[in-house]
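Positions annotated as substrate binding site by Swiss-Prot, on the basis of experimental evidence: 411-422, 493-498. Under the heading 2',4',5'-topaquinone, Swiss-Prot lists Tyr496. The active site, schiff-base intermediate with substrate annotation in Swiss-Prot covers Tyr496. The Cu cation binding site feature in Swiss-Prot is assigned to His554, His556, His719; the stated evidence is experimental evidence.
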Amino acid sequence: MGSPSLYSARKTTLALAVALSFAWQAPVFAHGGEAHMVPMDKTLKEFGADVQWDDYAQLFTLIKDGAYVKVKPGAQTAIVNGQPLALQVPVVMKDNKAWVSDTFINDVFQSGLDQTFQVEKRPHPLNALTADEIKQAVEIVKASADFKPNTRFTEISLLPPDKEAVWAFALENKPVDQPRKADVIMLDGKHIIEAVVDLQNNKLLSWQPIKDAHGMVLLDDFASVQNIINNSEEFAAAVKKRGITDAKKVITTPLTVGYFDGKDGLKQDARLLKVISYLDVGDGNYWAHPIENLVAVVDLEQKKIVKIEEGPVVPVPMTARPFDGRDRVAPAVKPMQIIEPEGKNYTITGDMIHWRNWDFHLSMNSRVGPMISTVTYNDNGTKRKVMYEGSLGGMIVPYGDPDIGWYFKAYLDSGDYGMGTLTSPIARGKDAPSNAVLLNETIADYTGVPMEIPRAIAVFERYAGPEYKHQEMGQPNVSTERRELVVRWISTVGNYDYIFDWIFHENGTIGIDAGATGIEAVKGVKAKTMHDETAKDDTRYGTLIDHNIVGTTHQHIYNFRLDLDVDGENNSLVAMDPVVKPNTAGGPRTSTMQVNQYNIGNEQDAAQKFDPGTIRLLSNPNKENRMGNPVSYQIIPYAGGTHPVAKGAQFAPDEWIYHRLSFMDKQLWVTRYHPGERFPEGKYPNRSTHDTGLGQYSKDNESLDNTDAVVWMTTGTTHVARAEEWPIMPTEWVHTLLKPWNFFDETPTLGALKKDK
């Protein structure tokens, strides 16, 4: 996983321009020698701590990851997580500024009173590759006679050891007797190469060219496309017809071209991108100024535009629409503090997180983001398996407009672009609460150089309402609060920002939330209002959300790969359908509520649209709770949100996108575990001609009876735009759940029984 962040994005201003009467205590001594003093504000901000001044109490509050510190100027003692700590040198004031000794950070934040971070004594076998391991893998690959100088790196990641060995390590402390290996994917021009490197023995194990596949779009492709556009006379002439004389003000967005069986006139074996463009008018929001009906097709190998596709000229919307607040007055909001005065309730040991009864491993992947692994729940002293590995499997954002600049738009954000690579650093106090621990993560860039992403993942505990409550008449109230541990990650893919939360509940439930925010992809039109002559045609495929701007209808479809091991690897898929049946037992009632229960025995039958009136369980037929019920987890692909996709993809069955990406149309898939089956859209979905993902994985229709199975959960929203989402979109959430079902013997949050005296 990552290291705690050394930088804080929260811009906390010290309120020190007040009538403080503390005099500069010079010289200041520590251990008999003169102390070297440094400015508190600058020093602690660079360290990544929040600094707050309470004018009424005349004290500072300092917050950094698991440490919560209170200290008064001139005091010889600080309070760290509720415990007193003697200071070698007090905080002193001079000219209304606070100064601390250069040993202050070490004295306070390394005092041992913050127990959030623990030293990892046994490296977890699923730890992501370190920067040194990435460098080692690249050196070994580059030493191959087959390596060419212009080869770029798509992914460099851990090739995990066998699942059985990892579980034995996690539960029984058995060492993994397998060398660390790196899985390396490269692009030699348009050709994909896969390599495996043995890091322990420092050797190349395999080198495999991949045929009939296109690789990811890499970050340097964006710069290449912009350069090609800037130097194209043909493109300059095309934008000039639209009243744009300075082509360098045109911002390009390179997009994958999809697959249409040659009907788009594009060569299948060429490495192509379609480029749509926007005009930078200086308002900080070029997305509001689309250059409509103009598409440039760029060949990345030839480094040139091979085709320009044009439709009727539509004037570029020119009204400024900044979203950064430059033209607004921010509302006055009183501060809200989240404090943990005695420290965190969780610990982070290397890449393992322990909170209440949960233990799990956390790492970062350049394609799908956070990987949650070896998830166990401590049930009265027994560690029980819940999930071997969970992550975003993949996602797609398909648009429903058939026009020239829109018909090909179906963004496979993780599979085509790499959402881990596009991680957005988390802003403390805005993107995550101020009490969050922010973790840096390291991945490889396209040159194979390790790249640290600051504040890549946030971990925090939060209040989540009552866990349970009952008020018996005449008796004391019985209730307890619900706490949740959240692992948050954000990826920015072009105009949209996606927030993913993995939420652990004390009662054994795991929630997975996906939030979409950012800027809508909009279409330039002639209509200013719905009363204009062209309004009906202009809004056939979307909503008029501003003058001359339509938000086009589309979907955000997420799929999560969940290798659940419910109290063990061998599980079965069980259906429970509540039904109304006649009352045959007598009495005044004519009907009863009953449940039809049956097993779903194979992969093709398991692929289903989600009916919220039914129950689907992954059950362990070999384990029972004390009442004799099989222990299970309920799979809930949609547990609330906006515009659910429960009825599937909004495409006709004869569409190529429908055939290439089956995962879109059904919300529940279950397949037999195979370690190489990792992505619902397939390993290389860019311009794929057929389904190489879940449609292929389930084609052999393997049995799901009492076997190691993987759950693939599809959810999302059908996004019909509205004015309230423009020019920037409030976060729209969709929620999913994995809920224990007879997994426990009783309410799991009651606590342990008191021991007899």
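In case you wondered, yes, glycine gets a Cβ from its N, Cα and C as well.
Looking only at Cα atoms, His554 (Cu cation binding site) sits nearest to Tyr496 among the binding-site residues Ser414, Tyr417, Tyr496. For Gly420 (substrate binding site), the number of other Cβ atoms no farther than 10 Å from its own Cβ, over all displayed protein chains, is 25. Closest to His556 (Cu cation binding site) by Cα-Cα distance, out of the binding-site residues Tyr411, Tyr417, Gly420, Val493, is Tyr411. In the structure as shown, the Cβ atom of Ser414 (substrate binding site) sits within 10 Å of 32 other Cβ atoms. Looking only at other Cβ atoms within 10 Å, the busiest spot among the binding-site residues Tyr411, Tyr496 turns out to be Tyr411.
His554 (Cu cation binding site) has a Cβ environment of 26 other Cβ atoms inside 10 Å. Cβ contacts within 10 Å of His556 (Cu cation binding site), excluding its own Cβ and spanning all protein chains shown: 25.
In this structure the C-alpha atoms belonging to His719 (Cu cation binding site) and Tyr496 (substrate binding site) are separated by 13 Å. Taking the Cβ of Val493 (substrate binding site) as centre and 10 Å as the limit, one finds 19 other Cβ atoms among all the protein chains shown. Sequence-distant neighbours of Tyr417 (substrate binding site) (same chain, 6+ apart, CB under 8 A from its CB) are Met216, Val217, Tyr411, Val493.
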